[in-house]
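Trainee: Dumping what Swiss-Prot says about this protein:
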SIGNAL    1-34  signal peptide
CARBOHYD  ASN59  N-linked glycosylation site
CARBOHYD  ASN111  N-linked glycosylation site
REGION    144-219  region 'Disordered'
COMPBIAS  180-192  compositional bias 'Polar residues'
CARBOHYD  ASN182  N-linked glycosylation site
COMPBIAS  194-203  compositional bias 'Basic and acidic residues'
CARBOHYD  ASN226  N-linked glycosylation site
CARBOHYD  ASN230  N-linked glycosylation site
TRANSMEM  289-309  transmembrane segment
TRANSMEM  318-338  transmembrane segment
TRANSMEM  362-382  transmembrane segment
TRANSMEM  393-413  transmembrane segment
TRANSMEM  427-447  transmembrane segment
TRANSMEM  475-495  transmembrane segment
TRANSMEM  499-519  transmembrane segment
Amino acid sequence: MAVSERRGLSGESPTQCRWGYLSLLVLTLSGCSGRIHRLTLTGEKRADIQLNSFGFYTNGSLEVELSLLRLSLQETEKKLPKVGFSLSRVRSGSVRSYSRRNSHECPLDRNSSNFLVLFLINIKDLQVQVRKYGEQKLFISPGLLPEAPTQSGPPKPDPAGTPKDNHVIHPSPTEMSAVKENQTAPQVSGDKTTPGEHRHSSERQPPTQDPSGKEKDQVLGLGHLNDSYNFSFHIVISSRAEEGQYSLNFHNCHNSIPGQEQPFDLTVMIREKNPEGFLSAAEIPLFKLYLIMSACFLAADIFWVSVLCKNTYSVFKIHWLMAALAFTKSVSLLFHSINYYFINSQGHPIEGLAVMHYITHLLKGALLFITIALIGSGWAFVKYMLSDKEKKIFGIVIPLQVLANVAYIVIESREEGASDYGLWKEILFLVDLICCGAILFPVVWSIRHLQDASGTDGKVAVNLARLKLFRHYYVMVICYIYFTRIIAILLQVAVPFQWQWLYQLLVESSTLAFFVLTGYKFQPAGDNPYLQLPQEDEEDVQMEQVMTDSGFREGLSKVNKTASGRELL
């Protein structure tokens, strides 16, 4: 949505600028890692970091490997477990944020009756204490799952909800022995320990308020090497009762008090997987959805081009721009579908295909906003020059679309726990809102112009017909923005986690309906009032009257190329 052809709007051609933006976007993709997440933070001072959110089905698994954690703590601070992870099951579409909580409250100290798992890192005793809250039977064990060969093939989603495979994965004897080893005596060798070598007794007093009724907490080993700490664990969703949307967060409560933050380094790998692949529950149907919608947009574009070829006398440049928009939208959805296919099968996208998706998405967004604004202003249909106000609108919308697409690519390629992830997400929302409001101004100005001209220029019938058409188009644009920005978000919040893909279905269906209605309203037909060019000005009318009265034009005819073909005077 960032780059556009401004030819016809000004005298410059931004080809060099466009390729510069594309080069910048390609370089931005270097950190893209798909659903196998790798996050490295250096000198971080945030107290709470939202690492990731994922929807799990039965037999889904979560693997977390903290390979490096370097803290700048004093000896007194090492005695308290104020650093760790939290895993919670969140409501679908909800946004978890710790920015507004009390600065003196630590999420690792709270008790909860809801589904919650805390991993408390005890630096002094070199152990990780696991506390569970709520009714749950999550299977948590140290280490990572053994790597299995990646299964190729398209994902096979079950849009109705949970997969039909309801059998439960039971822990293997090896995993059970690993859990028992956690309760044996520690084995320490010098200053270097590893999670497999350092074990502590799990005989602890239970939490003061534990709704789950567990008598003791599970303990995992914590490795220590060169002033850094490491450990790993994996979780298996073993029953349908444990399915849902899970949110994983990292907390450093030593930095909760403003002005007393201490920098720390963090390197973590997160691997999330469902039985069908690496996609979240809400993303599994998107592969087929984007493929079907791509075919629908392509079919609509082919039909539109055939209409243009049959009405060559009534076709303007804006009609071909609309055809280019539909084709670009189709190609963008195709690359998006292929991108999800490889993410599901391999855990990460193919970088070249991801770049093509971002480029086509960029062009599609630019063509969309430019086409809506040009139709609303009447360019190419009624006039070939834009007013100063309309030029200012394009001067605002086009740079904002560049910024919006940069924000979109940063969000797609960065990890959720990156320090600037939230900032770019807010920029995308704000810029998109401004662009949606800006494209309405040309339509409103055209409506006012037609209202003023309907009773003054002698062409009341034509202007009233155009006014009615512009009002319909204004309502169409409002409905398009309303459905794709507001209703879609409300739907995403309301539906369960496995139905989150309905958000994308509503957005793409609304876009297709908007394209079809726009093409129907402004099709190159002779009786379309929008395509009827304005008649001669008053001076031409007076000259025509003089020539007619003098008999000079007797037997002559004048041919005008208008939207209704050839007109005989």
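Placed from the backbone N, Cα and C atoms, the Cβ positions cover glycine too.
Provide an account of the burial state, proximal residues and distances for the features listed.
Mentor: Of all the Cβ atoms in the protein chains shown, 19 others lie within 10 Å of the Cβ of ASN59 (N-linked glycosylation site).
Every protein chain considered, the tally of other Cβ atoms within 10 Å of the Cβ of ASN226 (N-linked glycosylation site) stands at 8.
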Trainee: For a quick check of packing: other C-beta atoms within 10 Å of the C-beta of ASN230 (N-linked glycosylation site), how many?
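Mentor: Its Cβ shell of radius 10 Å holds 19 other Cβ atoms.
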Trainee: With the transmembrane segment (427-447) as the reference, find which of 318-338, 393-413, 499-519 contributes the most Cβ pairs under 8 Å.
Mentor: 393-413
